[in-house]
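**Q** Dropping a structure here in structure tokens format, bear with me for questions.
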Amino acid sequence: TMNAKTSSEGEEKASGTRNETLGESGHLGEAERRQVIRVAYVIAALDLTFLFMQLGVMPYLAKSLGLDSVGFGYLQTIFGVLQLVGGYIFGRFADQFGARAALIFSCASESVFFLLMSLSTNIPLLFLSRLPAVFMHGVPGAQKVITDMTTPSQRADALGKLGLCFGVAIIAGSALGGVLSTKLGIYVPTYVGLVGSLINTLIAMVWIPSQSKPKSDHHVTEHSNLFSIREILRLMKFPGVMEVFIVKVFAGLPIGLFMIMFSIISMDFFGLEAVESGYLMSYFGVLQMVVQGLVVGKLTNHCAEMTLLRLSVFVFAGVGVGMALMRTVWHYCVIAVPLVFAFSMLATITDSILTKAVPSSDTGAMLGICASVQPLTRTVGPTIGGVLYKQFGVSSFGYLQLMVNLGLFVYLLKSKIPLEEMKSQ
């Protein structure tokens, strides 16, 4: 009888641990969780497609309204700053009100964004249309859903497949934006984006399961405000979080600066026309899909995450050598293969490690902080990238990439980063 009781208690404890590990999705079956994850992929793919549509149209819309290149730079900076500030706030919102509420809020904000863009018949309205960007975080919203629906061992693979959505969006969004604006008018992509984001909102409302607020604990009750520096510092104090986050920020910074300057580099250095630049973006999209779909997931299932983090940083250093030596667009097409691999692996692995290193009630905030890295690069990038390109040329991006990532690789080899998976809230 004692053995049976002990066995029963053990099963209950194991079941409880599994449910805690799966956050609020413990009541769902495996098939239902997989379906919810697939819906999250669809929402992310549509969200990114609409954003890439407007990215391609924005320069022409701004020009038609009489905005010069300096003014357009300010417009882009405002968008970057709003996304930077909003990333962490959005993550805290997701922790306090659930992933479903956060994803619906993001899709609804995108609808307002496109509505204001479609009404932008003058420059002040165009600047006003950027404001909803502070709450537009479809990918972190989808990541939060996936994080809630997966065990730690499944997480890296599931998060990695979001890169497929990114690849699809680059190809479909860029092509659709160009075709619709050329054939039907400059505002048509914004109308499509408005209708599409409203449909996305409905998908999130119908297909993402309703979740209760996270279980009450000391930090949620004490610091319920959505933006708190103290909360960010508290998350950074968990074992290994600060170290991995530093690697995430600095490993991708040099290539981020290069990509911000890419439209100028493609014209001046590679001598590409607008159509050829479009083909190059499509090539990147296909590479992204292949790497995320066939490579990243398989590696995460067979290798330790710290090993893959070191590998991505080492490959980044090699990419730096290639960038320093490249002279033609064909060289760049070859370098793009290891570049996309390192970029995809770094993003997937760091997101997976960081969400597992904090309590499940803080995964949204952690994803929000991670999502702020790219807007931060977009905000400071034009200034730093412009100086590097003007003063030292394209090769300077490669040398910076090599030095930064070699330093990080040595750091990762020598330091024993203490990583603990948080099993409970």
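Yeah, the Cβs are placed from backbone N, Cα and C, and that goes for glycine too.
As annotated in TrEMBL:
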| type | residues | note |
| --- | --- | --- |
| REGION | 1-25 | region 'Disordered' |
| DOMAIN | 33-419 | domain 'Major facilitator superfamily (MFS) profile' |
| TRANSMEM | 39-61 | transmembrane segment |
| TRANSMEM | 73-90 | transmembrane segment |
| TRANSMEM | 123-142 | transmembrane segment |
| TRANSMEM | 162-180 | transmembrane segment |
| TRANSMEM | 186-208 | transmembrane segment |
| TRANSMEM | 244-265 | transmembrane segment |
| TRANSMEM | 277-296 | transmembrane segment |
| TRANSMEM | 308-326 | transmembrane segment |
| TRANSMEM | 332-354 | transmembrane segment |
| TRANSMEM | 394-413 | transmembrane segment |
**Q** So, do the transmembrane segment (123-142) and the transmembrane segment (308-326) meet, by the test of 3 or more Cβ pairs under 8 Å (sequence gap 6 or more)?
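**A** Between the transmembrane segment (308-326) and the transmembrane segment (123-142), which are separate recorded stretches, there is no contact, as judged by 3 or more close Cβ pairs.
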**Q** What parts of the chain pack near the transmembrane segment (162-180), using Cβ distances under 8 Å and only residues at least 6 beyond its ends?
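**A** Sequence-distant neighbours of the transmembrane segment (162-180): 41, 44-45, 47-57, 139, 142-143, 146, 188-189, 192, 278, 281-282, 284-293, 296, 344, 347-348.
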**Q** Using a Cβ cut-off of under 8 Å, list the residues of the same chain at least 6 residues beyond the transmembrane segment (308-326) that approach it.
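**A** For the transmembrane segment (308-326), the far contacts come to 244, 247, 251-252, 254-255, 258, 299-300, 332, 334-335, 338-339, 341-342, 345-346, 349-350, 353, 394-395, 397-406, 408-409, 412-413.
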**Q** What residues in the same chain, six or more past the boundaries of the transmembrane segment (332-354), come closer than 8 Å to it by Cβ-Cβ distance?
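**A** Same-chain residues near the transmembrane segment (332-354) but 6 or more away: 143, 155-156, 159-160, 163, 240-241, 244-245, 247-248, 251-252, 255, 270, 280, 283-284, 287-288, 291-292, 295-296, 299-300, 305-306, 308-309, 311-313, 315-316, 318-319, 322-323, 326, 366-367, 370, 419.
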